[in-house]
Amino acid sequence: MGQSLLSSFGDAQQRVEKSLQALRQGEGVLLVDDEDRENEGDLIYSAEHLTAKQMALMIREGSGIVCLCLTGEKVDELKLPQMVTNNNSRHGTGFTISIEARDGVTTGVSAADRTQTVKAAIAEGAVAEDLCQPGHVFPLRARDNGVLDRRGHTEGTVDLMKLSGLAPAGLLCELTNVDGTMARLPEIVDFARKRDMQVLSIEDIAQYRQGHNL
């Protein structure tokens with residue numbers, strides 16, 4: 001069922017290439033994982049092109065937990081410690097301590113404030129002192145070799161940004177249904193079609209990377 005739904009967006013290579021083009025144009029995509037993993041779809045946007053309107057969409061249509069996916073190098077530059085020293089969560093998601101921009105925000109929770117926090121974190125030359133902790137944006141540390149190390153949305157997001165030629169930082173938020181349950185592939189595809197968004201899978205990225213260097 002999953003492949004038949006995804007096939008309407010092209011084959012694996014086409015899905016990746018269409019998604020890369022959308023990201024370069026400042027648009028969002030939907031990234032799904034396997035049915036035997038989280039079986040979820042995440043709204044993905046580039047941090048480089050992020051707007052407050054896109055942040056608001058993630059907050060409104062998603063879980064509300066907006067995460068900033070970063071390379072390990074960037075996390076180290078910002079001196080962001082992991083949220084816990086012993087990560088025993090089911091999928092080992094690399095949460096760091098949450099962040100807020102030191103300047104240019106009020107309570108930090110609005111779409112505009114969260115966008116400002118993202119921009120502060122990814123700015124060239126950004127340092128730890130540009131941020132406060134805790135905050136309302138949740139950084140995630142991606143594995144160094146991306147989806148080839150871990151088939152996670154975090155790694156998929158950073159890989160997409162690298163393949164797009166964008167700054168290697170992206171936003172994700174899990175898509176939810178109106179009743180608060182997690183959206184599954186049929187709902188994810190329906191959401192994408194209504195908003196003319198591209199859908200691809202983490203496995204698509206893994207296959208694509210076999211023939212394309214980051």
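From the backbone N, Cα and C atoms, a Cβ is placed for every residue, glycine too.
Quick look at what Swiss-Prot annotates:
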- ARG37, GLU38, ASP42, ARG150, ARG151, GLY152, HIS153, THR154, GLU174: D-ribulose 5-phosphate binding site (BINDING)
- GLU38, HIS153: Mg(2+) 2 binding site (BINDING)
- GLU38: Mg(2+) 1 binding site (BINDING)
- HIS136: site 'Essential for catalytic activity' (SITE)
- GLU174: site 'Essential for catalytic activity' (SITE)
Sorry to bug you, but what's the C-alpha spacing from HIS136 (site 'Essential for catalytic activity') to ASP42 (D-ribulose 5-phosphate binding site), rounded to the closest Å?
-> 18
State which of the following binding-site residues has the fewest other Cβ atoms within 10 Å around its Cβ: ASP42, GLU174.
-> GLU174
Roughly how many Å separate the Cα of HIS136 (site 'Essential for catalytic activity') from that of GLU174 (D-ribulose 5-phosphate binding site), to the nearest whole number?
-> 16
Of the recorded positions listed (HIS136, ARG151, HIS153), the greatest number of other CB atoms within 10 A surrounds the CB of HIS153
